Amino acid sequence: MDLVPHPDSPHSDTSGGGGGGIGASGALALSPAAGASPALAASPSRYESQKRRDWNTFGQYLRNHRPPLSLARCSGAHVLEFLRYLDQFGKTKVHTPACPFFGHPAPPAPCPCPLRQAWGSLDALVGRLRAAYEENGGRPENNPFGARAVRLYLREVRDHQSRARGVSYEKKKRKKAPAHPVPAAVISSSSSSHDGNGHSHHYEHQMPPPPPPGAAA
């Protein structure tokens, strides 16, 4: 695909986070969600602001496409082209298998391996664009950002970067605190009974006292 990059389109990336976005100037504005109050529309959250910038950047990308591509004709394949296009602006070092630091989470020296967009940034970006597509009138069943090919691509990027960078992207499961069972000896050492007045009486099970001296056996 012949793409004319926008010279004033700064792109940002994080080494492993999920909040990094892309920025660009574009005329394809993100309309506020239906039912949003004027106060929320006037002061959007950080997420909404980032989503608007990402949506504008994607619109600029479509206009720079040769030939220009309309949103209605955009497919999962075009989303993959867009994600690969963003790699040139990445800031995350992804070691190649031939690199001596492949799989090393903290390389002791620099290396010539390429910089890429971090998986966490791409994953968050796709999520924002998927929401923006539907907020701008797109039908969920036609959403190119939810295509199976896009999900598979993100999974491949995650697995590859996990191996190359020596980091794990798996969510850590919280360990449940082990239950402390009451010893059986404690349970059997006492019992309770209730009298006719509803009072509870506890009796300790003890060994009987020894018989007095000279008592008949």
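Cβ coordinates come from backbone N, Cα and C, glycine included.
TrEMBL annotations:
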- 1-28: region 'Disordered' (REGION)
- 15-24: compositional bias 'Gly residues' (COMPBIAS)
- 46-173: domain 'ALOG' (DOMAIN)
- 161-217: region 'Disordered' (REGION)
- 182-195: compositional bias 'Low complexity' (COMPBIAS)
- 196-205: compositional bias 'Basic and acidic residues' (COMPBIAS)
- 207-217: compositional bias 'Pro residues' (COMPBIAS)
Reported mean pLDDT - the domain 'ALOG' (46-173): 93
For the domain 'ALOG' (46-173), the number of residues DSSP places in helix, strand and coil: 77 helix, 6 strand, 45 coil
